[in-house]
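Visitor: Below you will find the structure I want to go over with you.
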């Protein structure tokens, strides 16, 4: 089964991706991971991508597409895959569909984990990490015994720059601009499956399993 995973930052995609990957025995392919692997292994594609990233530029669609296609050609993808972080644009989605059609395959489902902005802000801006040992906390969901102090090492808990309200709102705006056309694209292909991401993680996964079971 070939699955695309869509959803805003803070929607819990990573958690669900791990569960889906285990249940359906398909690799969870994160574009961030395959970029890092190509750069670490100094592949020609990785070095080309690094040249853009070092200048603070976006990696062009064509190069991103080639890196993803290269990964999808590996043996562990023969029975399907779960793509997370790709496609980000309609152009990338069209290139993926063309690649799959050439292999007599297709996108089976585009899962959209939907979470309202207020809840994402609560989830992400409430995150805290220990400045000493890196342990994770949340001011509402995973609280330390003593406010602002790590249970494990006594270090000071801090908010990462990525988790400030301003940064989260910027990321949500970028996501909205990028993803809305993709949502329409997959809706028109009749493969978009929207799920309520506000539920507890096991309930979200149960709903995902039900909708995937209906098409599998």
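Keep in mind that glycine also has a Cβ here, set from the backbone N, Cα and C atoms.
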Visitor: Look up region 'LID' in Swiss-Prot and report which of 126-163, 164-201 it refers to.
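Guide: So the range that Swiss-Prot calls region 'LID' is 126-163.
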Visitor: Please report how many Å separate the Cα atom of residue 160 (AMP binding site) from that of residue 10 (ATP binding site), as a whole number.
Guide: 14
Visitor: If you count other CB atoms within 10 A of each CB, which of 10, 14 wins among these binding-site residues?
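Guide: Compared across 10, 14, the most Cβ atoms within 10 Å surround 10.
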Visitor: Want to know which binding-site residues, from 10, 31, 57, 137, are within 10 Å of residue 150 (Zn(2+) binding site) at Cα; which are they?
Guide: 137
Visitor: Just report the maximum Cα pair distance in Å for the recorded ATP binders 10, 11, 12, 13, 14, 15, 127, 136, 137, 199, no decimals.
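Guide: If we measure all Cα pairs in 10, 11, 12, 13, 14, 15, 127, 136, 137, 199, the largest is 21 Å.
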Visitor: State, in Å as a whole number, the widest CA to CA span among the AMP-binding residues 31, 36, 57, 58, 59, 85, 86, 87, 88, 92, 160, 171 given in the record.
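Guide: Max span of the AMP binding residues, Cα based, is 31 Å.
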Visitor: In the region 'NMP' (30-59), how many residues does DSSP call helix, how many strand, and how many coil?
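Guide: Result for the region 'NMP' (30-59), in helix, strand, coil order: 21 helix, 1 strand, 8 coil.
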